[in-house]
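Taken verbatim from Swiss-Prot:
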| type | residues | note |
| --- | --- | --- |
| BINDING | 57, 58, 59, 60, 61, 62, 63, 64 | ATP binding site |
| DOMAIN | 25-260 | domain 'ABC transporter 1' |
| DOMAIN | 260-511 | domain 'ABC transporter 2' |
| REGION | 1-22 | region 'Disordered' |
């Protein structure tokens, strides 16, 4: 569906979103305080009709609190909120929705057991004589799905949909309520590349209709691709608003978010490399088009860069024993090793921090201490019969302090932590195992810039201690800023290697692009 047909289908919705002169949404001097914390400090922000306005900042910068003010969850102690020229004060989320503001949160607010149609019309189900009018319900749901370009059966329960499809249902709910302002909170964090492309298409269509879009993200590439303007928050304050994203220097944007220069974020520290620690010789397997060979030395951070489908994650799984190679082998400290499982790799000194941290790296409902001790327990209780609770608590506390993991204590569910602190717990798990080779697959994805700097510092400490870090990253600035040298993969094979002195975005992209 094109933007034109989507706009035409929306009819009066687009008209309803047309403001008088000035911004569609304006916040002036908004202040929100909690016991001992000023979450928002006299924040002012304006969002125009027909624009995508990005919000960036580290965790705790105030972005989520701002969304909660817009949605009526949090009541400001000072300041005014104006919508379409009229001052508003929302006592509830329902009041905000009725006024025309919808929030698409990271954790989607759908009822899994209800159908697509029922979720789309939740709270406003059409009825006759107190009975749901199924025909009208289905017709309205189909209309909403058509406007989104989604071919989904409105009669199936939402629990059978993908994350991307569920997100489209959330957007459909906002359209059904004629929302003029739609805010997205980290919307691509769980989406595939195809689903992200679909989401961006919809957001551009909503912008073309004259709606005001607020887009909260940690991902700078998304800001440059999608946003017209961007506002940066730090420590509850609005630091700056940039009116032309296309002309915005990336280093300046990072500096605004963290209050320091990009050099300080990556903080690269050179060090001498030692002997070869790990070597792949003719390694072949699923996702690799030809045998792969490379070496990594003690004290090195070796970056692996490539586009989606280049085979980097598949190579990491072969090194980690998660997938058995069809040919070739791995050598560790000059000795040939073969792993029947990841457990064998860990015992040999190789660990993987997987790309999908939430699904493969942590047990979200378990505590920080339990997640940290998953592998170390075999040292406490070789027979695996009894758990040593005291030693586990002591180990957890040791690494909470050593890695500055922001958590109340080791009993806190890891799912309650930020992405950066979850990643620190995964790293701590392997530090407790005396690992020599750290395979880091997209380790900072979805993590704010400040937490990234802390993780990079951990990498440098590991390398300085004679360990090897293999960093798989799709972030050009990251892989150039942190790595000692960079291996570029393309279409399941190694396309080349670039020394740090010659590592530029153009050099890496030229090697990574398909033939």
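Glycine residues also receive a Cβ, built from the backbone N, Cα and C atoms like all the rest.
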Problem - Integer mean pLDDT for the domain 'ABC transporter 1' (25-260) - result: 88
Completion exercise
A correct count of other C-beta atoms within 10 Å of the C-beta of residue 58 (ATP binding site) gives 24
Completion exercise
Looking at the binding-site residues 60, 62, the one with the fewest other Cβ atoms inside 10 Å is 60
Fill in the blank from the handout: CB contacts under 8 angstroms to residue 57 (ATP binding site), restricted to the same chain and 6+ apart in sequence, sorted by sequence, are 63, 232, 233, 234, 239, 257, 448
Practice task
May I ask which residues of the same chain, at least 6 positions away in sequence, place their Cβ under 8 angstroms from the Cβ of residue 64 (ATP binding site)?
Solution key: 185, 216
Handout entry: Spatial neighbours, same chain, of residue 61 (ATP binding site) - Cβ under 8 Å, 6+ residues apart
Key = 233, 234, 235, 236, 257, 448
Exercise for the section: Mind giving me a neighbour count for residue 63 (ATP binding site)? Other Cβ atoms within 10 Å of its Cβ, every protein chain shown. Expected result: 26
